[in-house]
Amino acid sequence: MNETSFIEQEDDYCWPKEEHGIFKYACVMFIATPIALLGFFLNILLTAVFWKFRKTSKLYLFVLAIFDICSCTVYLFSNTVRAFSAYHQIYSLHRFWHYAYASFFHGFTQIVNGILSAILFWVVLDCWVRAKHSARLRFIISPIFRHTIILLVILFTIFSRLPYFVHVDVVHHPKCPQFQDLALGPNPIYEKHYQRIIDWNEIVNEILTTISAYFGTLIFGIVLWTVARRKFPRSSKDYVLKQFDEPEPTEITFNNNEENDQETYTWTLIFVVVMHVVLLFFFVIIWFYQLIFQADYHETLEIIEQLDLHFSTHGTFTYLITEVPLLGRLFDSSLRFFVYLKFSPTIRRRIKILLCRHREPESSPPRYEFESGRRLLK
């Protein structure tokens, strides 16, 4: 273990004993953890589904599924392992969690959250350009641009959030009893010499890669909804081929299927955006509170704890307030699968093929009949 990852304190101060009550333990183990496990396996299934479409606009959804897997994994370690070790008083697991979180998972969590927020913004922007058929912005939906954006988002997020890997250390009090001797605290060496970098890094990460991506997704989601309402006012199931001077039936059928796919894809993304905006709303509210009152996260927690003491809720209110943003991100990553399943027939069909391990029989070619000088699709 390097020097900056383990700090010994010689004073007699001991941390409050870390333990989880039955309510906190039940929330984590019986509500959040099953959802995280479900999201982990469902997103693995989604990566297999979107692998076939990685050369299309669904490349963004493929990347989202990969980092949704990472998000669920982060929650399982950061919350499930911690709650299990504290509730059952397993000191070896408790100690391992502190060192693993300080050395890796704290920084990895920031990277995953930043990439998810940014990629979802580009998903919505890409879908808006496709639905609007904008000639000027057509380069945005090119495969080269999509791959470039994904690469730049990942590299920029990793580079900008690298300081988080050394920002937090394990503070150790060797004279204290177990479960009162370890805590997470700021790295004193890093904080002393690189305070400006810390402040600038937090501004860049929170404003540029999180808050701006959130509101950008919200704005373009509203714009996409207005475009979808205007362009897809009704389903085109009852499509009737018109005059003889129109393109060939096979070409029209292909174009109609492509339009239907674009319609379902657009409405699917609209509901994904709605879920994302709603579930991350509380996180944005806490961020704005910290920005307006110039309060850091620990000062915010102190105010919440004072409210908890005032209403005599025995820590329940504090736990809910601090966990709601985490649960919002977890639900956003885990429940996206069900939005796809509900609104996208293409994804439903692809999942059925993967689960049943056989291909659906090829559909028979469309039949056409002539009636009163018109061609009708049967």
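Placement of Cβ uses the backbone N, Cα and C atoms for every residue, glycine included.
The domain 'G-protein coupled receptors family 1 profile' annotation in TrEMBL covers 39-340.
Look at TrEMBL and you will find 22-47 (among others) tagged as transmembrane segment. Beyond its flanks by at least six residues, the transmembrane segment (22-47) meets 61-62, 65-66, 68-69, 71-73, 75-76, 79-80, 83-84, 87, 315-316, 319, 323, 327, 330-331, 333-337, 340, 351, 354 of its own chain at Cβ-Cβ distances under 8 Å.
According to TrEMBL, the feature transmembrane segment maps to 59-78 (among others).
TrEMBL lists 98-125 (among others) with the feature transmembrane segment.
For 137-159 (among others), the entry in TrEMBL reads transmembrane segment.
Sequence annotations record features per position, and here TrEMBL assigns transmembrane segment to 207-228 (among others). Distant neighbours of the transmembrane segment (207-228): 113-114, 117-118, 120-121, 124-125, 127-128, 131-132, 156-157, 160, 263, 266-267, 269-270, 273-274, 276-277, 280, 284, 287; these residues of the same chain sit at least 6 beyond its ends, with a Cβ under 8 Å from one of its Cβ atoms.
Marked as transmembrane segment by TrEMBL: 265-289 (among others).
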Taking residues 6+ outside the transmembrane segment (98-125), which of them lie with a CB under 8 Å of any CB in it?
1, 5-6, 60-61, 63-64, 67-68, 70-71, 74, 77-78, 140, 146, 149-150, 153-154, 157-158, 160-162, 164-165, 167-170, 182-184, 205, 209-210, 213-214, 216-217, 220-221, 224, 269, 272-273, 276, 329, 332-333
Integer average pLDDT (0 to 100) for the domain 'G-protein coupled receptors family 1 profile' (39-340):
77
